[in-house]
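Report on the structure given below.
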């Protein structure tokens, strides 16, 4: 059974609320998605039409429920090899976000948990720590590593398309909000992209890239593949 997540103090609640609202408007000003041409365009997730986004549900079928989402109230499971769980507040789960250029997701990290090296090809990412101590880091295109351990109430920004990660370095569970300036930021996991793609990248290509023996590549592929199938 999933347990409801509650912010313990009123002040903490309003701080998270205010920051989320501020981030909504600030990130929307530089949204990666095109500007909307109407008041709203609630996504028709059942449509078979392929467009850059989702077509609009007929206005006559739009209800108040399309503009409210309670999915972030519930703890995602962290019972996996990475010790990480995500509740995504993107257009696929919250159709009212369609064309509005924003996603808000909840991330839970068990002690020692990690969001592996990855990129979001369509969005910058801002992270607000609610609970715990989290090491955020990203790497520039000039190979400079920027990182900091963040505590509750602190905010970070990850520029669009750069390789980054998040790791729980505290003794207890960590919870954070991840806000993106796209309704569908995308998620490319570097380890699985490289070592668990289909069809697979040839071992000799990876071995030359990492300057190791092909046997090591085969071992890594077997471990990543086992993680994916578990």
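Glycine too: its Cβ is placed from the backbone N, Cα and C atoms.
Listed features, source TrEMBL:
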BINDING   118, 120, 125, 164  Mn(2+) binding site
BINDING   120, 125  oxalate binding site
DISULFID  41-56  disulfide bond
DOMAIN    70-218  domain 'Cupin type-1'
SIGNAL    1-32  signal peptide
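Positions of TrEMBL features highlighted on the structure.
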residue	record	Cβ neighbours (10 Å)
41	disulfide bond	21
56	disulfide bond	19
118	Mn(2+) binding site	17
120	Mn(2+) binding site	24
125	Mn(2+) binding site	25
164	Mn(2+) binding site	22
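DSSP labels the residues of the domain 'Cupin type-1' (70-218) in these numbers: 25 helix, 56 strand, 68 coil. Confidence annotation: the domain 'Cupin type-1' (70-218) carries a mean pLDDT of 96 in the model.
Separation of the C-alpha atoms of residue 118 (Mn(2+) binding site) and residue 41 (disulfide bond): 30 Å, rounded to the nearest whole number.
Cα spacing between residue 125 (Mn(2+) binding site) and residue 41 (disulfide bond): 23 Å, rounded to the nearest whole number.
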